[in-house]
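**Student:** My questions all concern the structure below.
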Amino acid sequence: MSNNVYERNRIKNDRYESGVIPYAKMGYWDANYSVKDTDLLALFRLTPQPGVDPVEAAAAVAGESSTATWTVVWTDLLTACDVYRAKAYRVDPVPSAADQYFAYIAYECDLFEEGSLANMTASIIGNVFGFKAVAALRLEDMRIPYAYLKTFQGPATGIIVERERLDTFGRPLLGATVKPKLGLSGKNYGRVVYEGLRGGIDFLKDDENINSQPFMRWRERFLYCMEGINRASAASGEVKGSYLNVTAATMEEMYERADYAKAVGSVIVMIDLVIGYTAIQSMAIWARKNDMILHLHRAGNSTYARQKNHGINFRVICKWMRMAGVDHIHAGTVVGKLEGDPLMVKGFYDVLRETELSINLPQGIFFEMDWASLRKCCPVASGGIHCGQMHQLVYYLGDDVVLQFGGGTIGHPDGIQAGATANRVALEAMILARNEGRDYVSEGPEILRDIAKLCGPLKTALDLWKGITFNYTSTDTADFVETATSNP
């Protein structure tokens with residue numbers, strides 16, 4: 001008997017021995033595995049239970065997220081099980097973290113239904129996060145193969161087409177969230193939209209929890225918002241919009257609201273992350289068919305994305321949402337009130353905006369990845385930002401971003417229109433300084449003070465918020481370098 005035949009028989013006898021055997025012995029660990037271009041790769045941060053070998057824990061995750069159950073089953077012999085088993089092929093200790101390991105796992109592409117985010121995630125995150133062999137588990141990064149990416153639509157509109165529709169180039173887009181989130185009547189809501197747009201920003205926005213409550217039903221809100229948009233557009237000569245939140249209890253209701261938004265002239269609609277992956281993909285398909293921009297509010301993400309040792313890293317959510325087809329997603333500000341280490345946020349933005357990804361461990365990007373010509377998704381920076389931070393925002397986030405000032409517009413002492421004007425003037429001044437070759441990062445405060453001499457609303461805003469910062473240490477920081485989380 002040849003050595004190859006003997007080895008195959010040995011593996012078969014060992015692997016299909018009745019009872020409970022280690023996952024690594026069942027074929028879910030292969031240190032010599034050669035990764036294929038068509039493999040989907042996942043990187044997990046493992047914290048094994050005391051006494052559990054890291055390799056066995058990695059094999060257990062591979063098994064439970066692909067074909068395994070807790071015991072050997074003879075029906076494996078009826079499948080191409082050696083092909084369909086996920087393979088953990090590498091385990092590395094996490095730098096400066098005791099008892100944590102990076103586990104690399106490869107999945108055959110045929111394990112996943114084409115174009116279905118729900119099916120892919122049912123495997124990758126379906127059962128394993130409650131598995132007893134691991135004390136904690138976090139999905140840090142994924143490489144989606146080119147062949148599988150081509151089965152997804154990608155962003156409904158994309159950054160390039162959105163700029164063409166708005167006829168706005170060479171600067172970040174400006175937005176603001178209507179405040180207070182809840183309680184306004186439709187007429188007052190529409191007035192906020194008008195004042196903000198008339199002051200110079202590009203978009204107003206519903207917040208995540210404004211849908212159709214007793215104090216303001218959705219039709220009323222849509223109509224008053226569109227009146228404000230149309231008046232502001234006519235007065236300014238600029239294309240304007242307001243993110244009309246069509247999130248609802250059922251898909252039928254969401255389609256009805258989205259169709260109505262289009263019928264009354266909106267260029268953009270909004271949904272919340274909490275509606276689920278299938279609903280998000282469905283709305284993205286609707287948006288592509290109807291030439292609408294689709295904004296996604298990441299409501300709920302920090303319940304599983306913020307903690308460093310358990311959950312899902314937000315960069316993975318960014319990849320999934322670009323695949324699903326949204327045009328905008330909130331992705332952090334660095335300088336605002338929400339979680340956001342500078343390197344981590346840069347990684348999120350690269351995932352959304354680049355056509356190809358290179359390995360960048362300080363930013364948490366572990367895999368090279370070609371986006372297969374899927375359109376770019378525009379990051380949105382919102383949460384505790386104001387015009388006095390404009391130099392930092394432009395430096396960290398670049399041009400292809402929506403800078404969304406909610407309280408930083410609505411909270412201006414002289415009114416909403418003055419707040420919007422302050423933000424627009426601050427942005428235009430910073431872009432001009434950058435284009436002139438000035439060191440706008442270090443000179444930013446001086447640039448703002450100089451232009452404020454010519455703009456009363458900006459001077460008032462700078463005086464009001466000059467001491468406001470949110471320099472808390474981020475929870476999610478880089479594993480491979482020391483990371484400064486304070487702002488320059």
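Every residue gets a Cβ built from N, Cα and C, even glycine.
These numbers come from a predicted model, not from an experiment.
Pulled the feature table from Swiss-Prot, pasting it below:
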type	residues	note
BINDING	Asn127, Thr177, Lys181, Arg298, His330, Ser382	substrate binding site
ACT_SITE	Lys179	active site, proton acceptor
BINDING	Lys205, Asp207, Glu208	Mg(2+) binding site
MOD_RES	Lys205	N6-carboxylysine
ACT_SITE	His297	active site, proton acceptor
SITE	Lys337	site 'Transition state stabilizer'
**Student:** Tell me, in order along the sequence, which recorded positions from Asn127, Lys179, Lys181 have their CA within 10 Å of His297 (active site, proton acceptor).
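**Tutor:** If one measures from the Cα of His297 (active site, proton acceptor), no recorded positions come within 10 Å, so the answer is none.
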**Student:** Determine, to the nearest whole angstrom, how far the Cα atom of Asn127 (substrate binding site) is from the Cα atom of Glu208 (Mg(2+) binding site).
**Tutor:** 29
**Student:** Whole-number Å distance between the CA of Lys179 (active site, proton acceptor) and the CA of His330 (substrate binding site)?
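**Tutor:** With the alpha carbons as reference points, the distance is 17 Å.
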**Student:** Could you check the recorded positions Lys179, Lys181, Lys205, Arg298, His330 and say which one's CB has the most other CB atoms within 10 Å?
**Tutor:** Lys205
**Student:** May I have the list of same-chain residues other than Lys205, Asp207, Glu208 whose Cβ is within 8 Å of the Cβ centroid of the recorded Mg(2+) site, in sequence order?
**Tutor:** Thr177, Val178, Lys181, Asp206, Asn209, Ile210, Tyr243, Asn245, Met270, His297
**Student:** Measure the Cβ-based neighbour count of Glu208 (Mg(2+) binding site), defined as the other Cβ atoms within 10 Å of its Cβ.
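**Tutor:** Step by step: centre on the Cβ of Glu208 (Mg(2+) binding site), count other Cβ atoms within 10 Å, giving 20.
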**Student:** Work through the binding-site residues one by one (Lys205, Asp207, Glu208) and name whichever has its CA nearest to the CA of Lys181 (substrate binding site).
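**Tutor:** For Lys181 (substrate binding site), the closest Cα among Lys205, Asp207, Glu208 is found at Asp207.
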**Student:** Can you tell me the CA-to-CA distance separating Ser382 (substrate binding site) and Glu208 (Mg(2+) binding site), as a whole number of Å?
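**Tutor:** Checking the Cα atoms of Ser382 (substrate binding site) and Glu208 (Mg(2+) binding site) gives a distance of 12 Å.
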**Student:** Of Lys205, Asp207, Glu208, which binding-site residues come within 10 Å of Arg298 (substrate binding site), going by C-alpha to C-alpha distance?
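**Tutor:** Cα within 10 Å of Arg298 (substrate binding site): Glu208.
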**Student:** Suppose we draw a 10 Å sphere around the Cβ of Ser382 (substrate binding site). How many other Cβ atoms does it contain, all chains included?
**Tutor:** 25
